[in-house]
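Asker: The annotation Zn(2+) 1 binding site is assigned in Swiss-Prot to H53, H55, H109, D127. The Zn(2+) 2 binding site annotation in Swiss-Prot covers D57, H58, D127, H165.
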Amino acid sequence: MLNITPIPALSDNYIWAIQKDNDVIIVDPSDAVPVLAFIAKNQLNLTAILLTHNHHDHTDGMPELLSRYPQLSVYGPQEVAQFANRIVQPEDHLTLFDYDVRVIESAGHTAQHVSYLFGNEYLFCGDVLFSGGCGRVFTGNYQAQFDALQRFKALPEFVEIFPAHEYTLSNLKFAEAVLAPSCALFEIQERAEILRSRNQPTLPTTLERELQINPFLQAVDLDQFIALRHQKDNF
């Protein structure tokens, strides 16, 4: 079993630290300072970095980390080739911490965005899926992002999902506006408000939970997904 910890960074980012024993893998380091502090505090060995896409709030920590760890294995799609020395393609399989890690095509937010699924248990999805929401489609390729969400929906419902941003409360306000009232939505919103009032993360979430409260996962076709995304962009 892995120990997975969110490292808060910037205004609302989470850098995920995946730990096994004294080794750690870092996902999307937006800032090197909190990563290095976490490693030092817990006396860990940094063994690899996973990058989901090329936005600066997911990669700005890379120059400093590579200067400290020049031999580090860095996995990512071609769009992060300036940092990654192990370029991944959709449906590649990696072995990390004795887990089979599947690389899932997740384009739309960026052209080559990927997600990493550890053994049908843990999904690190960058900016594709958030609790109660999904990422903006900066490429304009709504089909690609809709398809990515369909791939996620096909996973086991117990999969834990680790998005890269704390957007839950604002996303749930939108969900409340567009979905029929439900006990699940009310309870999850109440829980999220309590957690944030204590400055605690609302993440990870689960696929089971998101299927109940995420309007983008409930979109039945591409047209409905596009309409929802446009609504959210102007919400």
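For all residues, glycine too, the Cβ spot is worked out from N, Cα and C.
Each of these features: where is it, how hidden is it, and who are its neighbours?
Answerer: Around H109 (Zn(2+) 1 binding site), the same-chain residues at least 6 positions away in sequence with a Cβ under 8 Å from its Cβ are H53, G126, D127, V128, G135, R136, V137, F138, T139, Q145.
The Cβ of D57 (Zn(2+) 2 binding site) has L10, N13, S30 as same-chain neighbours under 8 Å, each 6 or more residues away in sequence.
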Asker: Would you find the one among the binding-site residues H55, H58 whose Cβ has the most company, meaning other Cβ atoms within 10 Å?
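Answerer: Selected residue: H58.
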Asker: How many other Cβ atoms sit within 10 Å of the Cβ of D127 (Zn(2+) 1 binding site)?
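Answerer: Other Cβ atoms found within 10 Å: 25.
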Asker: Can you see whether DSSP assigns H109 (Zn(2+) 1 binding site) to helix, strand or coil?
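Answerer: In the DSSP reduction, H109 (Zn(2+) 1 binding site) maps to coil.
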Asker: Given the binding-site residues H53, H165, which one is most crowded in terms of C-beta atoms within 10 angstroms?
Answerer: H53
Asker: Beyond the listed site residues D57, H58, D127, H165, identify every same-chain residue whose Cβ lies within 8 Å of the center of their Cβ atoms for the Zn(2+) 2 site.
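Answerer: For the Zn(2+) 2 site, the extra neighbours are N13, D28, S30, H53, H55, G126, A164.
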